[in-house]
């Protein structure tokens, strides 16, 4: 959290609002699918974590719901970057969820961050990787520490 300055938070939140607050669920789903496709390109082993949500069929209702759950979770985290109590509560919840997933490794959060760095510049005109990485990497460090103990 200390590396994610107030300016970084504002920039990340403004960028995210510009791509995510649209009422178009189709766009949200497309962005989410692009993120997961990129993640699977970065590390094919991650795909095995999502078999229960029918990830091989990118148009299945299970995969659709999962993509929205994950990216809506990210949306919630971004929305509360300036609210430490709520953010910490959400991070605790996410840490417990991911701890319970067989085969999950905290390095996958970093790989998801790489996917974000590839996809977000394609869907947002004002992507600032420095601000984004300050905030996202800070979240990853905290949640990873809580998972790994």
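Cβ coordinates are placed from backbone N, Cα and C, and glycine is handled just like the others.
Because the structure is a prediction, the values reported are computed rather than measured.
Annotated features in Swiss-Prot:
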BINDING   98  heme b binding site
DISULFID  4-126  disulfide bond
DOMAIN    3-148  domain 'Globin'
For the domain 'Globin' (3-148), give the DSSP counts of helix residues, strand residues and coil residues.
115 helix, 0 strand, 31 coil
Quick check for the class: what is the C-alpha distance, in angstrom and rounded, between residue 4 (disulfide bond) and residue 98 (heme b binding site)?
23
Provide, as an integer number of angstrom, the distance between the C-alpha atoms of residue 98 (heme b binding site) and residue 126 (disulfide bond).
31
In sequence order, what residues of the same chain, 6+ apart, have a Cβ less than 8 Å from the Cβ of residue 126 (disulfide bond)?
14, 15, 18
Segment-level pLDDT (mean, integer) for the domain 'Globin' (3-148)
91
Give me the count of other Cβ atoms within 10 A of the Cβ belonging to residue 4 (disulfide bond).
20
